[in-house]
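Down below is the structure, laid out as structure tokens.
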Amino acid sequence: MNIHKLDKYAKSLIKEAARRIKSSFATELIIESKSEANDLVTNIDKETEQFFIRHIKQDFPDHRIFGEEGFGDSLQDLKGFVWMLDPIDGTMNFIHQKKNFAISLGIYKDGVGILGYIYNVMDDDLISASLGEGAFFNDIRIPEVKQAIVEQSIIGINASWVVPNKYIEHEGMGKLLQTVRGTRSYGSAAIEISYVVTGKLDAYISMRLSPWDIAGGMVIAKEVGAIVTNLSNEPINLLQQNTFIISKPGLHKELITNYIRLK
Ligand code: IPD
Ligand code: CA
Ligand code: CA
Ligand code: CA
């Protein structure tokens, strides 16, 4: 399999999927709840995932697809080529705000990330990376991320951190909020990851993300020197949900050691 050809193919699918998502604004959305009332899915999330699967299965019949909406394969291992797809990351934004949502895609071969994409649909910004060949913002090479210190950092977190939770000691989080320069919350893990790899955020932390939220971003992170682990400072397992941090180097160690104390 020629990686450059696969890269071109994946990019053209992403662009076409985005065009279809945008054109759906002219039609009425069908909105449903999944695991709880605010866990939303629309007909466009489903149709977009099915669009990818239709093409990938036709053109690469031996590749497997692990997608959020469940139309692909269920995975017990990461053998061979696996496409990890979130057709719309930030569904709530898609429904309510019509912006700040992304297509997130990672292509893995035998568990190694070889291609990664985060496409901010409404900004028309594609962040992409290919293993060993660097990462790109549209067609511009993204430089290595710089070191950062906590006092000068802007960190992506969401409001669920401000109430007690089962993962993290509350006082560590409080101390972090008092120390950082600022926090931001964009409502799309993929977009927040894309902001860390392009230096707009210094870190992004989440208590629970799924493989399709982060698989593409992890390939990109590696190419720019951003550090990705779970909150116990262990590697991410792409067959399950994980706690998650992506951060500039230096800051990653400081956050894990001094602030994000696990229970
Ligand atoms: C969600 C978004 C959100 C994050 C959630 C994800 P979805 O993905 O990335 O920012 O906080 O954990 O599930 O459901 O919109 O694809
Ligand atoms: Ca969802
Ligand atoms: Ca998601
Ligand atoms: Ca989604």
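Cβ coordinates are placed from backbone N, Cα and C, and glycine is handled just like the others.
Please treat TrEMBL annotations as automatic predictions, because they have not gone through curation.
Model, not experiment: these values are computed from the prediction.
According to TrEMBL, the features are:
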BINDING   Glu68, Asp86, Ile88, Asp89, Asp213  Mg(2+) binding site
By a simple count of other Cβ atoms within 10 Å, which of Asp86, Ile88, Asp89, the binding-site residues in the record, is least packed?
Ile88
Taking the Cβ of Glu68 (Mg(2+) binding site) as reference, which residues of that chain separated by at least 6 in sequence fall under 8 Å from it?
Asp45, Glu49, Leu85, Asp86, Pro87, Ser210, Trp212
Listed binding-site residues with Cβ under 6 Å from ligand 3, out of Asp86, Ile88, Asp213:
Asp86, Asp213
Using the recorded Mg(2+) site (Glu68, Asp86, Ile88, Asp89, Asp213) as reference, state which further residues of the same chain have their Cβ within 8 Å of the centre of those residues' Cβ atoms, listed in sequence order.
Leu85, Pro87, Gly90, Thr91, Ala102, Ile103, Ser104, Ala189, Ala190, Ser210, Trp212
With the Cβ under 6 Å from ligand 4 as the test, give me the qualifying entries from the binding-site residues Glu68, Asp86, Ile88, Asp89, Asp213.
Glu68, Asp86, Ile88, Asp89
